[in-house]
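To keep things clear, I will list the structure first and then write my remarks on it.
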Amino acid sequence: MTTATSLDQAFLADFHDTYQFGATPANGVDRQAGTREDGQIRDWFRERAIAAGMEVRVDSVGNLFALYNWDPSLNHVFLGSHLDSQPLGGRFDGCYGVIAALHAAQEINARVQAGELEPVHNLAVVDWFNEEGARFQPSIMGSSVVAGSMDRDKILATKDSKGISVKEALEDIGYLGTDVAPIPTAYAEIHIEQGRLLERHKTEIGAVTQSWYTQKLLVTVNGEQSHTGATYMADRHDALAAAAEIVLKTEAVVDTFPAEEIVTSVGQLTVEPNSPIVVPRQVNMVVDLRAHLRSQVEEARTRLLEQFKEIEARRHLTVLAQDYDIRDHQHYPLEGIELTEKAAAEAGQSCMRIETMAGHDSVPMNRIVPTVMVFVPSVDGVSHCEREFTRDEDLVAGVKVLAEIASKLVSGSLDAVEPGEAEL
Ligand code: HGY
Ligand code: MN
Ligand code: MN
């Protein structure tokens, strides 16, 4: 077993090394899926994996795997997350989980080579393609294809705002793979919390129990173009003014729910024709609704659709809303939660059970194999922002916990456990 300090130092050296890829002036990263920067960090990861004696594979939707194949007849425990980021995103979201997995895997390999561990499964570290869903929508693409909840060909044909397809982008960075993906038997992912509960409770490890219910609404407002100077106000059908009301109503709909149980936002909005002296004819926007309970999202959705009707009638225009990217609750198996709690206790780390408000690759994976999701604290609960930060000591503590969980998974601890249930 490598001594803890060498594991810590090797992990921190690698993790800090990743900051260079897509580095932004305010200490963030911009490494959107399939971009040159995404390709650069993947090349770097591939080199580190090969140097650690791993076999590297790339599948047909750009998922990147690094494998320890101790016995070619065995399937693989997966450890992973994602290297892609949001625009002007944080250095930790996703990338931490991949580098933590890479070093946890090396720790487990050292134990296997030293005869301290007899694995009944091989081990795979994975960088899932396009978890973030910034450039290509929806999010959580690569793991959803492996989990069977998204169609491979549809994903490859998905285009970004410049009309470039996933297939073309992957070809450009050399990651349109032809390898057969390994077969998962269990999955574990460590990730920054991106919220503020661990910090609020002064707790070092989060054992994730379930994901929040989430959905998006693709909203199109159709008004009419006119001259911003020559058209009387009564004659205007201003799609952007209507959209502005929708943005504020999306924010206000949470007011009638218990605090911190539901969150809503409009994160993406495009205006047509976007000319300074033309009243906008069309606005396309994405409404993001997430809550602790499915019923809360459904109630908020009903209220918003009623408000959209009122805006339509008053402003003599149309508002179309389409349900999109619906993710049911996923309950992580109790046995996996208890694995995290035991591993944290062994590592002398405080631990609490927590729900994830953000989506992760572990959500689709949780549908096909027993999945363990672990959090480390986020300073100020900030994420998807250059200010995102987690302290080195918390990162290192997480790697140790992940290594302990991985050692139990490769020893078959969850072999008799079903994947997490979706809330019916
Ligand atoms: O959708 C999510 O919550 C994730 O950040 N992609
Ligand atoms: Mn993430
Ligand atoms: Mn993210």
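Backbone N, Cα and C define each Cβ position, glycine as well.
No curator has checked TrEMBL annotations; they are predicted automatically.
Record features, source TrEMBL:
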- His82, Asp93, His191: Zn(2+) 1 binding site (BINDING)
- Asp93, Glu132, His384: Zn(2+) 2 binding site (BINDING)
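Mapped onto this structure are the features recorded in TrEMBL.
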| residue | record | DSSP (3 states) |
| --- | --- | --- |
| His82 | Zn(2+) 1 binding site | coil |
| Asp93 | Zn(2+) 1 binding site | coil |
| Glu132 | Zn(2+) 2 binding site | coil |
| His191 | Zn(2+) 1 binding site | strand |
| His384 | Zn(2+) 2 binding site | coil |
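Listed in sequence order, the binding-site residues among His82, Asp93, His191, His384 whose CB lies under 6 angstroms from an atom of ligand 1 come out as none at all. For ligand 2, the neighbouring binding-site residues among Asp93, Glu132, His384 are Asp93, by Cβ distance under 6 Å. Within the set of binding-site residues (His82, His384), the lowest number of other Cβ atoms found within 10 Å of a Cβ is recorded at His384.
Taking each Cβ in turn and tallying the other Cβ atoms within 10 Å, the top scorer among the binding-site residues Asp93, Glu132 is Asp93. Screening the binding-site residues His82, Asp93, Glu132, His191 for a C-beta under 6 A from any atom of ligand 3 leaves Asp93, Glu132.
For the Zn(2+) 1 site, the Cβ centre of His82, Asp93, His191 serves as reference, and the other residues of the chain with Cβ at most 8 Å from it are Ser81, Phe92, Gly94, Cys95, Tyr96, Gly97, Glu131, Ile192, His360. Excluding the listed site residues Asp93, Glu132, His384, the same chain places Ser85, Gln86, Gly89, Gly90, Gly94, Glu131, Ala134, Gln194, Ser383 with Cβ atoms within 8 Å of the centre of the Zn(2+) 2 site Cβ atoms. Here the Cα atom of His191 (Zn(2+) 1 binding site) is found 13 Å from that of His384 (Zn(2+) 2 binding site). When other Cβ atoms within 10 Å of the Cβ of His191 (Zn(2+) 1 binding site) are tallied across all protein chains shown, the result is 28. Between Glu132 (Zn(2+) 2 binding site) and His82 (Zn(2+) 1 binding site), the C-alpha separation comes to 8 Å.
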